[in-house]
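Beneath this line is the structure, given in structure tokens, with notes to follow.
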Amino acid sequence: MDGAGGAQSTSAALPPALLTMPSTSTPAPRALTISKSDLEARTVHNDVFSGPHHRLDSLGGSWTGNQMGWRAGELVEEGAVGGALASEDGGKPDAVSSVKRTQAIRRRHNAGSNPTPPPSTMGSPPSLQDLQRARTSSHSRARTLPSALQFASSLLLPRSGIHEASTFDDTSEGAVHYFYDESGVKRSYTFGPAGGGYEDPVQERERQSQSSSFTSTEVQEVAPVLSILQPRPVVLQGMQVRRVPLEMPEFDLDHESLQESQENTLMIEEKAKPKQYYRFWVLPGKWLRVRYDRLALLALLDRNRRVVENVFAIVLASLVAFLGFLLLLQNFFRDIWVFQFCLVIASCQYSLLKSVQPDAASPMHGHNWIIVYSRPVYFCLCCVLIWIFDLTCQSDALQPFSLYGVTIFSTHFLACVRDVLIVFALSNRYAYFWWNCHHKPLSSLFSLTRSVIVAALLYGFCLGAINAPWGDAHVPVLFSVFCGLLLALSYHLSRQSSDPSILWSLVRSKLFPELESRTPEEPPVEIKDPLPEKLRNSVKEILHSDLVMCPLMAVITFAISASTVFIALQPALSFVLYILAGVVGFITHYLLPQLRKQLPWFCLAHPVLRSKEYSQFEVRGECAQLMWFEKLYAWLQCVEKYFIYPAVVLNSLTTEARSVGQHHKELDIYSRALFISVAGMKLLRSSFCTPSQQYVTLCFTTLFFHFDYPHFSETFLIDYYFMSILFSKMWDLLYKLRFVLTYIAPWQITWGSAFHAFAQPFAVPHSAVLFVQAIFSAFFSTPLNPVLGSAVFVTSYTRPVKFWERDYNTKRVDHSNTRLATQLDRNPGADDNNLNSIFYEHLTRSLQHSLCGDLLLGRWGNYSTGDCFILASDYLNALVHIIEIGNGLVTFQLRGLEFRGTYCQQREVEAITEGVEEDEGCCCCEPGHLPHMLSFNAAFGQRWLAWEVAATKYVLEGYSISDNNAASMLQVFDLRKILITYYVKSIIFYVSRSAKLEEWLSNETVQEALRPCLGANYVDSDPTFNLNIDEDYDHRASGITLSSFCMVYLDWIQYCNSRRPTPVASERDSPLVNLCFGLCILGRRALGTASHSMSASLEPFLYGLHALFKGDFRITSPRDEWVFADMDLLNRVVAPGVRMSLKLHQDHFTSPDEYEDPVILYDAITANEEKMLISHEGDPVWRSAILANMPSLLALRHIMDDGSDEYKIIMLNKRFLSFRVIKVNRECVRGLWAGQQQELVFLRNRNPERGSIQNAKQALRNMINSSCDQPIGYPIYVSPLTTSYAGGHVQLRTVWGVLLAHTTSTLGSSAAGTGCRKAVELAVTVEEILRTQIVEVVQPPSPQIQPFTRHRVLRPQPCPTLTSPHCSHLWVQTILWVPRIGLIILSLCR
């Protein structure tokens, strides 16, 4: 039955005797209306309607109206329990309960924004309670029931038509919106007329009972109606009913009534949930219903948002099935392993439907789309490799060879590899392997593709050179070409970042400039980010430089290789190069960094080589001075990278190619040519990018294979190549062991929880297993993380160098990305962390400008890929993660910590900032220490830390922050009067200086509105004006008059007018004075309106000042509406006047009487306009000004956190800051990050005070863990991956003037024409050189010279092959196209 029918049947079924209300002295309760409009319509009618003949036929309407207005669930939720059933003689309990019910409803009304409930609800209990009182008057004792029973019958009836809102913007009358509150309770909000409404809890958290049915004929009287409120089976038709226990949390009822009310249950109607389904199209016009709602379907299957994902998933699933069938068909699996392999196939296919999220193999917290495809992709790779190795096992054409005593590519070896892959495929452990890359998988794919293309190009030249005849003193020309191309291309690849986005942005801006201007909304000029253009210019300079340097290096290398110097001077040349590389590397990368450390060798108390700023307390307004040892370090690196190591690699390449060319086999030559190309490119790129670790590898290779175990040596190129890989793993193992031993050292371990104390002794017997785990994790480059922060370590999964796969970058909340209503009401970006994040963003920009150059000057010590540093100053604490190192570029990521950190963070900050020079302890006594040396305890303690101080006075450009409490500066009335005076003078200044002044003076609307101000008796007596804070207040007129205003400010108006290029009339009755008077009155009235007309009190005054400072002007007076004739009067005059007055008020404390002179005041305001930005921190102009290095900034901040509500004046001054640079063990950082991700994401430990984040000074555990990506950590700023280029460092240009600065400056944008002409001339010269052939003319040896073999004279002659019109040599054409391709690239760059 419908709702109306239900109501009519119920009322019709009631006994006639009960349809009339009993006649009592108490007035009859008024019926609750059906809706808010009916409530308003019936209020007047019910007031004049007396109750003796009030019938119960409106009971159904009352129940329904109550459901639409003040719901029973709402009253139960708020504790509004109605009046109790009194005894036969009535009495006090009924009155007390009624009062309590009324108070509860009023509290509910005052707490929210709902309109006043109807008077019937606020008055006596409804008529339903009177009926129940009449039915129970014969009972022997009084029973107290909750007043919520009055709503029960209405809730049992079906609802009338409800208008459920379809969109969030539907605020029409009667629209119902549903939402969940903070407790998880579903609530509804019904909009009423005139913007009001009612909020009701729907109570979906309770259990639902099974629905039944009943007919209206079963209800014969009121008692059965009330009996259905008891906890018994209820039969209703067409409804879903559930029991909700009645709760009374706000009333102190007697124990008997409370026990009885808790036994009762309220049957609440619930709208039947519609059956939701999705249409799954099988055939055109044929579909199936998938009966799942959105969340259930998402829990069952992954959502593919694009068609490409669906196609790729189908292809992978088909490929998995095909390859699995192929392996089963060839009988690779037998017995139970067939079933196991089928399960693996099914799991790979099911992972395409629903992947494991979150997955332990992914450093991304949340859904990772790579995990979806990783399992089937690895399965396909394994199947393909199994099939390939099985085919090669059956082939006899493959010739095995031995490498370090291990026979490779033999039948037995390939069969073993195949069996290992089969076991791996059955183990179903594909998620272990991960992208071990610098950036994202796309960047890795780009880098891999680029390297493969270069290797394929070099492979052809190398293969042709090896096939050419090699003599005892002859180098084929093709091999010299190969060496030149190898060095040039390796140099070019080393100078390019792995991220192709910047390069693509440059290409798009040059080739497709129309795409750059297709943005839907071009941002204003003042908030345009300068960083993208700066990065594009840096990449363009690198390309211009490489266009000149690469051909030049190729030609020089070609000439040196063709001179046979690497053959004629053997073996003496090899040992000379090895010794030179070892000595230069030892001095550059060991001796100089140790002498520059804060604690050299952890023995000396001060650095030996100190910077000029070391003895200064703070930096004196200039950048760091360039020292002689920094120049020496840079030049030694230059010699090492561009001369020594290229000579070492080319020497080994020549020796290797010669041995292969003279003693090669037909099948072996192809693999050796590939190895020479790959090894040469890898070693050269490593020497260009990270030369700090090359000398150790080179010296060990030479000593081990030439002196210790020469019989194990293959060739020097093979030895050097594999030792470079092995040493990278050995460095990782060393860092892991240092981290583990430091972390679990028993004399300094900090137990953060009881589990740590329990796990510490149990971890001791497993030290051998821990060592094996360290070796295993170093081999696979996986972190070794402590379980729950304890001394128990486990091997984690592989991680990329960036570690966090998701690009979590801080999104600053300001006025550009929040709604206007949100800004005015609650300003969500007003918390300290959001506002302070801009300082870390500026620090990132400063590091982008200078980090690469500072690293090349040795100011951070030795560094490598993946290293982590902490920059610590007075208030800034940031973790800098080195992601990628190139030749002249460094990619990093900065993570800023909270300014006011936790207790644990502060203890660790103290540990890294305090000095140990004054420690005099030795074990248990204090005998002191030698001069300039550390004590025994200090030296011992520094060796058991996972971090070390790299520099104590690292100078970097930043902002010094000073904050003053605004309340203390405006506490007394005199200080507020000074502020108001400067406020008025600032308004006058901006009026007189405006270019639109003549337009405003001639505006009829403005002049007509201000004409009454010229009257002799005009006085503005607004309550805002006060004698205590307004200097021009006329106490006789009780307000501000034009005469009193002119007595104070007329001189200032006339002086400002005199500074105009074309002064206007400025007499007392002139339009200019009248306009200034009107604007000053308007500005002060706006301040009073924002202060709620309570400017005399400090807190409202600060609130209003902050509202005007951020631009929230509320023009409420009709006398001020003339300002809307031109909004520039507010935006360009009043708003900057408020902000400038705050700055002048700040300056007043340093020079109280200086601004009495109009000249000084005018010049001060003009200077502040030019050199300072005064703005609200939520304004996007604030961020753009900081990133543009504005000299000074000022803001008024409202701080509301941790129970504090205060206003602070923030003053920023750009200067050079001093930081302490702390180098942290990178394996410590990776291990702690992996442990936090495992604990929070997979173990679901949500304890904010968990033991794994407690302070541990030896490992900086809290600072490292708090720098994780949210929600695992809580950094206030995480920068995107930012690349710093060496070309932007001014001091490095002075050191590498010819090599770096000259090329970048001549080829830069400022002198692009000259640079291009030089490049064209160089390219033409290269082509002419290549068209000559260096022939070897053998002459008899001279008697004065004793050569090794014969005397050779190099004489250039024209090459007949090149000059012939029938040139058919492919390599010759390739050589000739090298300068031509350079010219094409040069034209594109122009």
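A Cβ is built for glycine as well, from the same backbone N, Cα and C atoms used for every other residue.
What TrEMBL records for 1-30, 84-143, 191-216 is region 'Disordered'. Annotation source TrEMBL lists transmembrane segment at 311-330, 336-356, 368-389, 401-426, 447-467, 473-493, 547-569, 575-592. Under the heading domain 'Pecanex C-terminal', TrEMBL lists 1066-1289.
The transmembrane segment (401-426) and the transmembrane segment (368-389) are in contact, since at least 3 Cβ pairs between them lie under 8 Å (pairs 6 or more apart in sequence). Per-residue pLDDT, averaged along the domain 'Pecanex C-terminal' (1066-1289), amounts to 89 for this model. Sequence-remote contacts of a segment are chain residues at least 6 beyond its ends whose Cβ falls under 8 Å from one of its Cβ atoms, and for the transmembrane segment (473-493) they are 450-451, 454, 457-458, 461-462, 464-466, 546, 549-551, 553-559, 561-562, 564, 566-568, 646, 650, 653-654, 657, 677, 680-681, 684-685, 688, 887, 1333, 1336, 1349-1350, 1352, 1371, 1375. Count of Cβ pairs under 8 Å against the transmembrane segment (311-330): among 336-356, 368-389, 447-467, 547-569, the largest is for 368-389.
Sequence-distant contacts of the transmembrane segment (336-356) (same chain, at least 6 residues past either end, Cβ-Cβ under 8 Å): 300-302, 313, 316-317, 320-321, 324, 327-328, 371-373, 375-376, 379, 425-426, 428, 430-431.
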